[in-house]
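Working notes for the structure below.
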Amino acid sequence: MDFLTLFLIYLCFVLAVTVLLCLCSGRKESFLTRSVNRASQVLSLVIPTQLQRVTHRALHRLLHTRSRLFVVLHIALQAAVFGEYTWEVFVYCWELQFHILILLLPYLLLAGNVGCFLLCSRANPGIVTKSNAASLVKVYAYDGVLFQRGLVCPTCTVEKPARSKHCSVCRMCVHRFDHHCVWVNNCIGASNAGPFLLYLLSLTATAGAVAAVTAAFLVQVLLLSNIMHGTYLDAQGQEHAVEIPFLVQHLFLTFPRIVFMLGFVILLTLVLGGYCSFSLYLALTNQTTNEWCKSRRFGGSPHLPSQPHDRPLVYKNIYSKGIWRNLKEIFNPPTVLERKKQ
């Protein structure tokens, strides 16, 4: 099996696992969850009890409490990519007389991404408190399906406004709750949904720009070396025309770190691009990730008190006001006064 085939199998496997995790993350009892639970039950028979407790505490602290570990990992990955880009790609491209604006584009996008990251991580996402709960209740109407009037959060002991949810990680209720993002170590809610969308777009653009410049550099290297139009000898001494697998293998042997970085940022661009498309869809239809997941699971849920038992529950998004107004609401959340004017 040649090098390119192995490399493509590796990329497809990583991409398939990523997509599977994304698809299964919105389900209460997914196939992935059941498989992990069964595997943990089997492993519990052979793993010492003390090690199980330590592992459980570590996973709980990592995934169910606010932790800066993913923020550190996020910064480390960006530092590694841009360190390699600066140390090798930028220098080589400068020698090949690439336009300076093309070479600086990833840095400009990175600066914008860092700014959006700081806004997302440090901003108040829209915490519901006893002092503002009464006013936030009047901002959005209750749809009677996903959100019921009069429900009180047992932890925060405040009436839950429509489109709000209690975050078990941050231990607070968030107005227009979208999700808790471990990469910014903060909830995404009414007050920072706009910066988060810009953060996603700028991060995707940054990865795409790095990938484009790096790919252009490698293509330029192949063109200058004339290897694309030549032949090579295999281990048996037979002459073959140069094909794509040989070109990829040649580049990997010549610039291993650059090719590895290129594969990583291409995969990252694809994953982030898919997530950006999903986030834009939610923004244009005035939905949150929490609402989208709940509406997908709604068919199997029991009847709510406000709904008659002899009728099937039908969910309808009552918060959509048209594409332009929906997008505007992301960056300028409505207030009680604006709600009264409507």
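Sequential numbering from 1, following the chain as shown.
Glycine is no exception: its Cβ is also placed from the backbone N, Cα and C atoms.
TrEMBL annotations:
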type	residues	note
DOMAIN	150-295	domain 'Palmitoyltransferase DHHC'
TRANSMEM	6-24	transmembrane segment
TRANSMEM	69-87	transmembrane segment
TRANSMEM	99-120	transmembrane segment
TRANSMEM	196-223	transmembrane segment
TRANSMEM	258-284	transmembrane segment
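In the predicted model, residues of the domain 'Palmitoyltransferase DHHC' (150-295) average a pLDDT of 84. Nonlocal intrachain contacts for the transmembrane segment (69-87), taken as residues 6+ away from its ends with a CB within less than 8 angstroms of a stretch CB, comprise 62, 106-107, 110, 121, 182-185, 210, 213-214, 257-258, 261, 264-265.
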